[in-house]
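First comes the structure, then the notes that go with it.
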Amino acid sequence: MKALLFLMALLLPSGAGAEEIIGGVESIPHSRPYMALLKIVTEEGHVTFCGGFLISLQFVLTAAHCHGREITVTLGAHDMSKRESTQQKIKVVKQIFPLKYNLFSNFRDIMLLKLEQKAVLTPSVNVIPLPQSSDIIKPGTMCLAAGWGQTGVKEPNSNTLREVMLRIMEMKACKDYRHYDNRFQICVGIPQMLKLAYKGDSGGPLVCAGVAHGIVSHGPGRGIPPIIFTRISSYVSWINRVIRGN
């Protein structure tokens, strides 16, 4: 896994493919206690990785395209090449999608993971708040994305958690995305800055003023922003219903 290089690449929509952080820096160890690393065994038996984030003691939020036959979540991690005492590895017992998730357009690219057991909250493991359904982040706002994905288009994943600051863009900046819908998605990243989330970062959060507003979804594949995040505020009611019912 790698570091955040220029968080400019895009997230792959196929299977459990994820993106990387390009143009970023290594996070201060355990300063993002909500971060989760997903180890995914695909339907074909391959192993891949995505990001995610803890939103309650027993639920992690991620991207729907990060689904798989089996998923194990690691919480409290910074350096995945080490057996850190802060880490909690928990199996996923249920993968829950919204109705009408579209794999080809990445529309409704959001998934809830129910953990086999509740996470133990520590200084290295904690939940992150979600927005209200009426909350909207304005273009020009700077937000943080983090992950263990690639640090460059031809680079491997990062062993350590990396992060990058990204700008919320006007919807017209994503006009080249055929299926972009500003009601359910967020356009993120300045093309000239070459900073973004890339392969391996899929499913990770977009954090604005301490609140998770987006989920890394997909991009153009060339490592050039803007990229698309799922807009969490549009799904808060669904998220709350699922958690209450499980």
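Using the three backbone atoms N, Cα and C, a Cβ is placed for every residue, glycine included.
Residues or ranges marked as active site, charge relay system by Swiss-Prot on the basis of similarity to another entry: H65, D109, S202. Look at Swiss-Prot and you will find C50-C66, C143-C208, C174-C187 tagged as disulfide bond. Here Swiss-Prot flags 21-244 as domain 'Peptidase S1'. Marked as signal peptide by Swiss-Prot: 1-18.
Separation of the C-alpha atoms of S202 (active site, charge relay system) and C66 (disulfide bond): 7 Å, rounded to the nearest whole number.
Residue density at C66 (disulfide bond): 28 other Cβ atoms are found within 10 A of its Cβ, drawing on all protein chains shown.
Of the candidate recorded positions, C50, D109, C143, C187, C208, the one lying closest to H65 (active site, charge relay system) when CA atoms are compared is D109. Within its own chain, C143 (disulfide bond) has I137, M165, L166, R167, I168, V188, L206, V207, C208, H213, G214 as residues 6 or more apart in sequence whose C-beta sits under 8 angstroms from its own. Looking only at other Cβ atoms within 10 Å, the busiest spot among the disulfide-bonded residues C50, C174, C187, C208 turns out to be C50.
Per-residue confidence over the domain 'Peptidase S1' (21-244) averages out at a pLDDT of 89. Nearest in space to C187 (disulfide bond), taking C-alpha to C-alpha distance over the recorded positions C50, C66, D109, is D109. Rounded to a whole value, the Cα-Cα separation of C66 (disulfide bond) and C174 (disulfide bond) is 23 Å.
In the three-state DSSP classification, C66 (disulfide bond) falls within a helix. According to DSSP, C208 (disulfide bond) sits within a strand segment. Between the CA atoms of C50 (disulfide bond) and C174 (disulfide bond) there is a gap of 23 Å, rounded to the nearest whole number.
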